[in-house]
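Colleague: Quick paste of what Swiss-Prot says about this protein:
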COMPBIAS  200-220  compositional bias 'Polar residues'
CROSSLNK  K248  SUMO2 cross-link
MOD_RES   S217  phosphoserine
MOD_RES   S219  phosphoserine
MOD_RES   S265  phosphoserine
MOD_RES   S274  phosphoserine
MOD_RES   S325  phosphoserine
MOD_RES   S343  phosphoserine
MOD_RES   S346  phosphoserine
MOD_RES   S354  phosphoserine
MOD_RES   S424  phosphoserine
MOD_RES   S465  phosphoserine
MOD_RES   S487  phosphoserine
REGION    176-225  region 'Disordered'
SIGNAL    1-17  signal peptide
Amino acid sequence: MPKVKALQCALALEIRSVTCPGVVLKDKEDIYLSICVFGQYKKTQCVPATFPLVFNARMVFEKVFPEAVDPGDVVAQLEYDTAVFELIQLVPPVGETLSTYDENTRDFMFPGPNQMSGHHDSNRQVTMRRISGLRGIAPKLEFSTTSVITECLISSRKCRTQDKFTYHSAPVEKSHGRLQCRTSRSQKKKSKSPERSKYCINTKNYEQPTISSKSHSPSPYTKRRMCELSEDTRRRLAHLNLGPYEFKKETDKPPFVIRHVDPPSPRTDNFFGSPGRDCERDGWVRMHSDHPHIGCCRSKDYKVIRSPHGRDFEDPFERCEEYLSPRTCSKPQHSARTLLVHSAPSTTPKHCASPVLNRASLRERFHSDWCSPPNCDEIHDRVKDVLKSHQAHARHLCDERDPEREDELELKRSLLYRDSAYDSDPEYSSFQRPRGSFHLDDGECWSNRAASCKGKSHRPVFENSMDKMYRNLYKKACSSVSHTQESF
């Protein structure tokens, strides 16, 4: 492949020390200096965090300008490049930059006379810019540079890939013997294969991770923040495989669920049929299980209520009407109107003592067995017979007959259709009836002797007393309503 002529610029940089009198760093981690020239990153060895920082490091930066025809073109192109120095301390998680210094590469490589400390001395001193974490005076960097522009021969393919790689093909002549030794070694590398030389050239670029990034594992928040850095920083931290990260809002989390229902037992499945088919056909209510640590705080599971139309009973008053509606004692609990599925109580130990979580739900407390349904129906029938009877309405609204006569008639009616039923019931047999005396509503004392003399049992007298109490309550309610209407 034919070779073409090109100009190569070589920079020999020798870093001596960084001084900052009177400044003590709060962190004791090691410090190193990072340098970027010609787009190539290099770094010094780590030194203890005590000023002055003595590095005594020597570095060589080389770059080929294939399109330049004279040194003036090279100098003109150097104006578009910047030399950057960063003083970095290995503070977790990714290191902390203490101070920086940046200058145009042309002025950095070819300083003016006023930037030199002496006529025969090549040492230079520049003041670095402090970052907010460093207090006191600004650090001062002491270094020396040697720059050479030479002509070299490179292939046309290397000309096209010059922006990615750096080549060591031309000698760098200087009075110092160190550069000549490096030139002789670089000439020996010409005989190596192209694949191996390409690998060696890639290692010259600053593609290796920094020391601080190797010694620490960044947190997820640090990873997301590091993705917002510049492209140069992305290239330096490419080994972390950060990828595209985005900040997520807290509202993206799934809602917090408390209710929990255990799967039905096999016995229940056999009684009600297949759970999968029943869910599709009858519309069972499905409830999502909550987090495992929430289920431990539940005293017992909830009940699932299903109607034949596939809707839930959400209104507690509708459930109250169903419980208070008349029904017989022989009616099964699993009726056609309502189906109650009681899941097994949770066997998980209780770790939470909160009364709010241990308390049963409103629906469960409402449907608890504080009294059996037959007793509720019986009480409801008696109250409804008293309040909705034609005799009670006529007596309190229209009739002005004697109250004592009405009491006797009501007592006879009650004896006709109630006394026989309760006397035949073994629950209210003679040996189970109360044998002590008690006071009635009108001040009369009733006992077993009075019952034997008058020929009345305790049950009719008790019912008669209850009827009087309900009539008085109804009369008071009607009078209060009439007074309210008159006031309006």
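Placed from the backbone N, Cα and C atoms, the Cβ positions cover glycine too.
Could you tell me the structural context for the features on the list?
Modeller: Just so you know, the Cβ of S219 (phosphoserine) picks up 12 other Cβ atoms within 10 Å once every protein chain is counted.
In this structure, S465 (phosphoserine) is part of a helix by DSSP.
In three-state terms derived from DSSP, S487 (phosphoserine) belongs to a helical segment. Sequence-distant neighbours of S487 (phosphoserine) (same chain, 6+ residues apart, CB-CB distance under 8 A): none.
Residues 33, 35, 37-38, 44, 52-66, 68-71, 73-74, 78, 109, 123, 141-157, 159, 167, 169-170, 172, 174, 176, 178-179 of the same chain lie 6 or more positions beyond the ends of the signal peptide (1-17) yet place their CB under 8 Å from a CB of it.
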Colleague: Within 10 Å of the Cβ of S465 (phosphoserine), how many other Cβ atoms are there?
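Modeller: Here the count is 17.
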Colleague: Measure from the CA atom of S465 (phosphoserine) to the CA atom of S219 (phosphoserine) and give the result in Å, rounded to a whole number.
Modeller: 80
